[in-house]
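Summarising the annotation, TrEMBL assigns transmembrane segment to 12-41, 47-67, 79-99, 105-125, 137-161, 167-183, 216-236, 267-286, 298-331.
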């Protein structure tokens, strides 16, 4: 069986993109195409060949398909956005072992930082002469959103990092809700966020005088940000900082004994995770052209955490796989199934009550999937591999014993 699957790997990798381009409106072919990308990651091809095929898919196949069907392009853009969010939260939860249930608060921070100044909303406190900033400043606000969210992450971390486990989770959950409620009520006495009405319109990005407001534009923006995020986080994970996070996750007492500064490392984890969320908040605001506090509810944090648990905690490839699975299930599979059953019901073939619409039970489906995964594959689809680090390497000046040790 394994030999047969091995022989089928390359035909699937080559045939799926071709079928996807020919049958761009087929949900089944779209899912087959996503499976082919997963097979490409797991296959035994040499790394340069893998990278070349992946680049051809991401830069050529998907954009060409996007001209005939922008819906799938939107789905894949959402996959990219949530992949970056999941990778950012994975720094806190997967690498450092800190349970954060208020992650969406940083996402909201970045979104509102850009939306307020890229719309007429800032005239409420900057004066009526204020005009929205140009989309050329979008690129600067990606960095500003990261910095502001990172500062908020540090301010959150300072008073709560002595807490552990459930207590930390409860406090961070409260933080996420505080951010949402503040955004909902900061419309008086000075109108800063426009409260529950939200902010609209928001200036789209511009580059060399070209307005980037089409699905293909945001696809490439998100793709570039995702690639940079993967490189940066992978470098962090394989550095002394990443090993320090692993030590803290496994045993704080042992980490302290080795001389690792726990507070600094935890704060840095919070700041890094928050920074990526803030950056994606800026992109989200520009893409949607409208934001309001309801876009950043508690269930968003739970959804991102579910992506990590499903894909594999501590694994970059795993959390991206989990984000892909959750977004595609929510935006594509359940909606397609709902539409298909609705067509059958309208044709009189079946009599489906509206209460049984699959799209209404996405949270139930997610819960069942997580339960099944916890039973059959508790570490996730692509769990993180534990690494052996040879002794003699220094972590913050402390030399480990002369033997191999698991980190």
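Each residue, glycine too, has its Cβ placed from N, Cα and C.
Curation plays no part in TrEMBL annotations; they are all automatic predictions.
These numbers come from a predicted model, not from an experiment.
Between the transmembrane segment (47-67) and the stretches 137-161, 167-183, 216-236, 298-331, the greatest number of Cβ pairs separated by less than 8 Å involves 216-236. Between the transmembrane segment (105-125) and the transmembrane segment (216-236), the number of CB pairs under 8 angstroms, six or more residues apart, is fewer than three, so the stretches are not in contact. For the transmembrane segment (267-286), the most Cβ-contacting stretch among 137-161, 167-183, 216-236, 298-331 is 137-161 (pairs under 8 Å). Of the ranges 137-161, 167-183, 298-331, the one with the most Cβ pairs under 8 Å to the transmembrane segment (216-236) is 298-331.
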